[in-house]
Every structure is written in C-alpha cells, then in structure tokens.
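Asker: I'd like to ask you about the structure that follows.
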Amino acid sequence: MNSYPKIGIRPTIDGRQGGVRESLEEKTMDMAEAAKALIENTLRYADGTPVQCVLASRTIGGRGDAGIVQEEFMGHNIIATLSVTPSWCYGTETMDLEPNTIKAIWGFNGTERPGAVYLAAAMSGYAQKGYPAFKIYGHDVQDLDDNSIPEDVKEKILTFAKGAIAIGQMKGKSYVNIGASSMGIAGSQVDSNFFKDYLGMPVEFVDMTEILRRITLGIYDPEEYETALRWIKDNCREGLDINKGKDFPEVITKSKVVPADKDWEFIAKQAIIIRDILFGNKRLADIGWEEESHGHNAIAGGFQGQRQWTDWLPNGDFTEAIMASTFDWNGTRPVTAFATENDTLNGVSMLLGTLLTNKAPIFSDVRTYWSPEAVERVTGKKPTGKAKNGFLHLINSGASALDGTAAARDEQGNRSMKEFWNMTQADQEACLAETDWCRANYEYFRGGGFSSHFKTAAELPVTLIRMNLVRGVGPSLQIAEGYTVVLDDDVHKILDERTDRTWPTTWFAPNLGMAGFETTYDVMNHWGSNHCAFVQGHIGADLITMASMLRIPVVLHNVPSEKIFRPSMFDGFGTKNLEAADFEACEKLGPFYKN
Ligand SMILES: C[C@H](O)[C@@H](O)[C@@H](O)C(=O)CO
Ligand SMILES: [Mn+2]
C-alpha cells in the first residue's frame, strides 16, 4: 500500500570507478539492507502493520545517481530518508537535497574507509544550506567486514525512524473538533494554524448538534448499536451512584431529559456516532447516508462536553474512555487520541504519545501535589518507595482509557499497558473487571452519564506530555518521565475519596534531579496547564527528537542529556545551554510545514 509514510534508504558511495567504488558496492548495500531490516522488523504503524522502507536500487555516487533514486522514491510517500555509507562520498553531490524530507545519515565508524568523515562533511553541508539532519555514527570503531549494527547506532536509527513515521502518519489527517470551548479552557479554543503549520493537519469543525441529528434521524448502524449495547450491559459494571439520596434543587432535576435507565442506550449511540464522524463507516452508505459514510479523515479529535451538552444530556465519558482504549465491543483495534473537554493541545499530547508507542494515551487532570508531609498529616502514614518525595494525583473528570488500569499482562505476567495487537481476550476482560462505571455526579453533569472509575494498580514507567502555546514563543513541549505508584489501600482510599471518587486515578512520581525537577512540587508548579497525557514507557528522548523534527522547542524535561538526539545543525546554536539552542534553532528554522 502506497499511502503509508515510508523511509527511503539511500546507500551513498565514493563515486570513483576503477577500484574504489567497486570495492565498496557490497558493503554499502549491506549497510542499507541492515538498516531497512532493523526498521521494518522493529517498528509498526498505528494499525499494527510493520513499518516499510524503500531501498534505492543502486548506490549513489553523485547527483546523477541521486536523481534516479529520487525518482524511484516518488509516489512512495517518503517522509524521511536515511543515507548510509561506509566510505567517503562527495558531500553535497550525494546528499538528499529534497526539501520536504526529514534527513539522517549513518556513517560507518571504521578507519579503512572514512565514513564518518563523509558524515561530518555532509552535516556541514546541511547546516550551511539550512536543512536540519541527524548524524549517526557508532561510538566504537568497527572493522569493515563487520556488518552488525552496534546498539548505540540501532538506538539512533530507531529514534529517528519512530519520530519520522509518527510525523508521516499525522500529516494530512484531521483533528476533529467536536463542539467549541469547554468551560473557558484555552487549550479547547483550537488554533488551527498551529495544527496546519507544525503538524500538517487540518482541523475539522463539527457542532455537537451533529450527534443529536444522527441519533434523531437514525444515522448509525442499528446492528452495531445492538452489539455495543449488549457488550456494555455484559461488561461495564455499574459502580457508585454518588447522587443517591441527595435532594437536588430543581435546576438540576428538571435538566435531565434522558431518563437514567435509558442513559446507556443514548451513550452507545453517541459512542458509535462520534467514531463514525471521525473515521466514516461504510455501513452508513448502505442505509442511505453516503456523505456521512466518508467521515472526516481523522487521526484525533476531542469532545467539548462541558458545559452546554452535559447540562442536559449524558456526558461523553464512555465515548472518550473507549476511543482511547485498545478495544471496544468489536474487540481490539487501534487507539484514538481523543480529548476530554476538547482540550486540543492535550489531544496533540495524546497523539504524540500514542504514535511513538502504539499504546493507549491516558488523559488526566493534573489535580494535586501531595507532599510527603501532607500525606502523613492526612493519613497518618509517610509515603515510601518511589512515592517518598511526594506525588501528583492524575485524575480525569470521568474518562480515561481502560488500559490505565494496568490490568493487561506482559509476557512475564507483569501488569502493563500493551499495543492493541498484543491485547488478549483475558487482558480486555481484566481491564473491564478493574473498571466500574459510576453514575456521573449530577452537580457537575446535570444530564448524567457514566464515568470510568479505576486506579492504576502497578508501578510502571510512564511519560507525561503536554503541548502548550505561549504567545510570543509558539508551541512548546513539556515532558516528565517518572513512575505510576501504588499506595497502600488505606492511604489510597483516604486520598482518593477526598476528591471526586467516581473518576479514574493515577498516582505519579516524577524522576527528580534535573533542572525544573528539583522537587515533585516544582514539576506540578512548572506544568503548563490543568491537563496532561501519559503513556507507558520512558519515551522522553523520542519526544525530544520528534519535537526537533517539527521545530517545537522542549521547555521542560528530565531526560538524561546523553539520550538527547537532535539535528546536527542545532549544535551551531550552542552546546552549553541545550534548551536555549533548541529554542533558537526551532525559531530560526520555523515550523516544519511553512507556507
Ligand atoms: C467536572 C469539572 O468541571 C471538571 O471537568 C474540571 O475539574 C476539569 O476537569 C477541568 O479541566
Ligand atoms: Mn479536565
């Protein structure tokens, strides 16, 4: 299939015929094959298909060969190129000079032939021409006949490829903005130019009344609706009803128009319809709704919910939670970055996280910093282990991917969050068993609905992500690596029940020690908004590389400096203060998708 974004592999060579070129042909092609195999055997697209590379049919010894290869790449949706070489080649005469690709060169670190010298020459050429390109060569010298890829080189090739493929998957796909601004949250007042210039994504605007129209006119697959409703009844256990016994004022009681015992029927339709709005559904054409069957070519979206909708209709918590999960009533399937409160910037944070990991993105409010002292005062117990320096309470207002239970098991039987294609029936059942669905708090949600309620019950490495827009700066990214922590049951209960006890909770302890991460309090204090997204794994380095490709500076992170991998020309902006250099390089280069 041509539509997947691909990486073009360019074997470059010393063009001198009569001995030099001939002696290098095989080694150069071997390197190219090895790089291709590494990428294709390791990485997958969001739909689970292995990532594809296109290998040039020939080595590139000069611009003539380069032109032929460029033509070969045309029509393959090449988002990035990786040039590989064991030898000296003629710098600008062999480089990828196509303006729209993301570029890297792997220069073999040997001494028989000077691959790393070419690499340095080419990088200076790229810097001079203003093309950011990634420089890859091994830490240790290899022998020319050693065709293995050293671990450090593998890591760099894969970090580069992951970022490029993620960018390629976003390009041209839409963010579907359902509704408008939620409760004055600035992130939900979408900046479509940010999406266009930095991510290459159109924003589609859909009014929330579209959902009501489709419910009223029956614009959904009636058979799928029955399946979804049955699945909900069989699998979504109801939890606490916090409204029970409360004597609500009339402004609340007169607002709920869908009877409480019909909520799930409404919610099942709402979930199917929102998915169809994003992605289309062939079945709609069969029942006479051709236009609706096309969808909006989405990759992500968000639902305003609060307030106008939730002031009289069941909320979007089920839809939001299930869209971002690795499974639904149809079994396993790719996750969708889908933002609560239509916080578009958190939707982007979810999208970056999931594209780099293929795991469920968890949406949360960054609600509370719990100092060790405050925990002890309230519970009588000092936090220990990873929680000893205090922790953050991550808790969304009712909707987080069910994978956040960490009920799925990895190959060793440990709690985990997994790619959808690794989710077994038992994993799905376990996530459902650890989630109950609490009737929405009518004081907030007059129209009712059900919130996904669970706790993250494992100590897992995770990365918190937040995209911000700062006037005068533009977009900037915040990253916090750390661990989810499991509190003693009694401590958990006391802290959790102080807040909204019908919502999904994760306790998070950031890794401390870097600037901005002096204490857990500092992390909460520096966070740029009320929301974050997180995914399993420490992926800060991958995010930094990807952000540099998009020309988005990273303003807060706790990634060890030896893992930071940015284009070589960023060094030309200074090496003493990497954050300042990142800012300046991103500003000078401008957004990836300039007009
Ligand atoms: C129910 C409340 O309005 C919540 O939705 C609110 O605390 C937020 O989540 C704000 O982001
Ligand atoms: Mn919120």
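Note: Cβ is positioned from N, Cα and C throughout, glycine not excepted.
Keep in mind that this is a model prediction, so the values were computed, not measured.
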Asker: Among D311, D317, D365, indicate the single residue that TrEMBL lists for the Mn(2+) site containing E341, H531.
Answerer: D365
Asker: Quick check on the active-site residues E341, D365: which one has the highest count of other Cβ atoms within 10 Å of its Cβ?
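Answerer: For the active-site residues E341, D365, the Cβ with the most other Cβ atoms within 10 Å is E341.
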Asker: Could you list the residues of the same chain, at least six apart in sequence, whose Cβ is under 8 A from the Cβ of H531 (Mn(2+) binding site)?
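Answerer: Counting only residues 6 or more apart in sequence, the Cβ neighbours of H531 (Mn(2+) binding site) under 8 Å are G187, T340, E341, D343, L345, N346, S349, F363, S364, D365, V366, R466.
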